[in-house]
Amino acid sequence: MQIVVATHNEGKLVEIRRILEEDLGVDAENIELVSAGSLHLPDPVETGVTFQENALLKARAVAIRTGLPAVADDSGLIVDVMGNAPGILSARWAGAHGHDKANNALLLAQIGDIPDDKRTARFRCAAALVVPDTEAGADVTGGVAADGITVHTTAADGSTAPVHARYAIKSETVELGDMPGRIIREARGEHGFGYDPLFVPDDQPAGRVSTEPDHEGEPLTSAEMTSAEKNAISHRGKALKALVPAIEALLH
């Protein structure tokens, strides 16, 4: 069975594949994960006001177009003293999307006078699975058949015009996962991305502490953890783990 991951980021596809197929025991032989980017599907505009809404929006867009089950996630950082900001704006908190250094610098400036015991935060992820109703068939613009993956372009008059299928939705599932922790005052670590260098998770790997100069023996940031250590406690891993029963149900 093919499942489309609603992303154009191949790194995220690899991470989700690893979590689902290895860490969580989903049968790799029966599931082929493909990215929306590899199918040349456009990114939908994220108009939701919650992580759940945006995850569902992205998964729906893919399932409707392809006729295949779709998985999507939306995640970000919630800082308690900032009224749960940056939230859904985490990736573009400083203006430009994905500018990690600028986002981190702005966050540190905004909570610079907050004492350490009040710098609590959490990463939150919403993971969604949307299953299309393929038995009902698809509405097809242009009046010719479409298989959901191949976009047919043969029009009745012999010209070429893009044709897109639109499948109805059969079911939707969305799950949440949190990784609680706190924001430190300067970046540490070379792994991860986003706010990872500023975030110290509450759950720490046994026997491992920071070796950074002036911070020896302190708890690790997300960016100091290995991928396996981070996946074991991550918000995305927790949300996807909660989604596994719904994915496994598709195989039976």
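Glycine is treated like the rest: Cβ placed from N, Cα and C.
Per Swiss-Prot, the feature substrate binding site maps to Thr7, His8, Asn9, Glu10, Gly11, Lys12, Ser75, Phe193, Gly194, Tyr195, Asp196, Lys230, His235, Arg236. Annotation comment: Swiss-Prot describes Asp74 as Mg(2+) binding site, evidence class sequence analysis. Per Swiss-Prot, active site, proton acceptor is recorded for Asp74, and the stated evidence type is sequence analysis. Feature annotation from Swiss-Prot assigns region 'Disordered' to 201-224.
This view paints the features noted in Swiss-Prot onto the structure.
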residue: Thr7; record: substrate binding site; Cβ neighbours (10 Å): 21
residue: Asn9; record: substrate binding site; Cβ neighbours (10 Å): 14
residue: Gly11; record: substrate binding site; Cβ neighbours (10 Å): 9
residue: Asp74; record: Mg(2+) binding site; Cβ neighbours (10 Å): 27
residue: Ser75; record: substrate binding site; Cβ neighbours (10 Å): 23
residue: Gly194; record: substrate binding site; Cβ neighbours (10 Å): 20
residue: Asp196; record: substrate binding site; Cβ neighbours (10 Å): 23
residue: His235; record: substrate binding site; Cβ neighbours (10 Å): 25
**Prompt:** Any idea what the Cα distance is from Asp196 (substrate binding site) over to Asp74 (Mg(2+) binding site), rounded to a whole Å?
**Reply:** 16
**Fill in**
DSSP says Asp74 (Mg(2+) binding site), in three-state terms, is strand
**DSSP-assigned states of the region 'Disordered' (201-224) in counts, ordered helix, strand, coil** = 3 helix, 1 strand, 20 coil
**Asked** Roughly how many angstrom lie between the C-alpha atoms of Thr7 (substrate binding site) and the residue listed as 'Mg(2+) binding site'?
**Response** 10
